[in-house]
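The feature signal peptide is assigned by Swiss-Prot to 1-21. For LYS38, TYR167, the entry in Swiss-Prot reads NADP(+) binding site. Residues or ranges marked as phosphothreonine by Swiss-Prot on the basis of experimental evidence: THR153.
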Amino acid sequence: MSELVLITGITGFVASHSAEALLSQGYRVRGTYRFQEKLDGLLKNRPEWEKKVEFVQVPDCRAPNAYVEAAKGVDYVIHAATEVHSNLEPPRKDPHELLHIAIQGCENALIAAAQEPKVKRFVYISSEAALKGPVNYFGDGHVFTEKDWNPKTLREAEESDDELLNYTVCKKLGERAMHAFVARNTPRFQAIALNPPLILGPVFHLQSVDNLNFSTWFFWQLIKGRYEVAPESKFFNYVDVRDLAEAQVKALTAKTDKDRFVISGGAFKNDDIVNVALKYFPQFKDKIAKPNGETSPCNYEVDASLSIKELGLTYRPAEETFKDATESLYKLAGLL
């Protein structure tokens, strides 16, 4: 019988692609979800998953032993569940609550994995945010690698209502919790963190554009008619969600002793997105923001070479990612 993988948060953007990648490579999948309506929406687009995937409801990832039942009998755990704002417009989630959900959710997933003797590896979906924070605090030209850590602290996050700051500290502390758990408990399994930047690509887990996660919401604003001219870029590196899913699959069995991998498809700016959208979907030129003419707005670099060397990853071109993301969002909005 093929090996069984537990994915937390399977109704989310990242985890739904993770499940698709695992199924395509012959793994059995068990996924946790929080809300029935989100699972129903996912299954409308993937009805075959009703028979292919086991689903376990976990209403609160902070509850004691939240994932213990879900982890019974599994060979691997991918912790992808996260609580983060869908967008930057009201109503927003309490940023202080997000901090504690991130930490406790990760620890509970680790506790469950440690109680299941079959588990070989635990993969945590961290973030580039755990490396650098909401902005580059390390100076112009810094090259971020697996050695870097966001310098912002829990106290700074708790004293701030800045949602992006809180999110970056969430990801840092969630990942720190993973490394600390391993150091403290020396479990049988190996734990690996993946640190992706802004995650883009096609969406298939939703029924409308009303509940997009942050990264796809950001992308949607550039092509839906909100802006006449693209705003200045605030995010400078991306990865295709399908490449991140492949990274998770490879991280389960790769021959590596590393516990952290920077994941990145490369640098981009907002003009790159709108130029691709205009090239492939000229019928929506009145909705797509015009390029703003930025040259090189990013003042840092991200080195993802370890993921290529140790995990054997290849990253697809940005044009493919942006084209497929644009097409899927227009279809989701009923425009194609």
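Numbers here mean position along the shown chain, with the first residue as 1.
Cβ atoms are placed via backbone N, Cα and C, with glycine included.
The model shown is predicted, which means the values in this text are computed figures rather than measured ones.
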Inter-residue C-alpha distance, TYR167 (NADP(+) binding site) and THR153 (phosphothreonine) (nearest angstrom): 12
Integer Å distance between the CA atoms belonging to THR153 (phosphothreonine) and LYS38 (NADP(+) binding site): 33
Site with most surrounding Cβ atoms, counting all protein chains shown within 10 Å, from the recorded positions LYS38, THR153, TYR167: TYR167
TYR167 (NADP(+) binding site) in three-state DSSP notation: helix
